[in-house]
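Here is the structure we will look at.
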């Protein structure tokens, strides 16, 4: 079953392989430098020798590659979860359509009962320790403290999704919830102050980092995305209009419902303010 998520997961897997190969090469260089320093320790005292500087540079490179790998692993897990969720919802809808009306209630109760069992299993204190991939994901979420992210906040009418830029102030590993701060002052009727939210990780999308655009997804022309509307702290659904030449180039987007004089204007949005459109997005 083809989907954009599968394609993106394959791209991430290729990038992970590349990162791991680079790490192996850097570690080999580090080992060579250690052997050299062990065999000829007096070399570092010679004028013009840059062995220690080179070793420091290699360690810095190894650290950056390791951090990039952790981000890719977390994104890979998130994409896999989103793909499985989408397929499951599709199959459940097809099964509901196939089941006779008389047995639908019983089948639904059975499915809901299974969901309750899963929830109880999740809360069971005897659950085995987290797998390495889940630990990486938890560490990635905790590392977002102090970062700006896209967040889906509650709407009173529940008919539309409202996505805004917020700052992560804390991640609770027990409840798996983010504490975030909307730094944009609210309307007068809302008190006019900054608003705080507690949100599950499924309501959070990290922005790509300008310092590490190699891990950022690439959105081709025609792809629907979620992007920060210029001059605001709100995110809306948009369509990519033009291909980019470099990873650091801005995206040219057309925002839905942004009509002016009978047409949609094209707006430039920085690449670190454009993220994948969540499944089931309502606007």
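Here, residue 1 is simply the first one shown, and the rest follow in order.
Placed from the backbone N, Cα and C atoms, the Cβ positions cover glycine too.
All annotation found in TrEMBL is predicted automatically rather than curated by experts.
The stretch that TrEMBL tags with coiled coil, taken from the ranges 9-40, 41-72, is 9-40. When TrEMBL is compared with the stretches 103-132, 133-162, the one noted as region 'Disordered' is 103-132. When pLDDT values are averaged over the coiled coil (9-40), the model yields 76. The helix, strand and coil residue counts that DSSP assigns across the domain 'SGF29 C-terminal' (139-283) are 19 helix, 57 strand, 69 coil.
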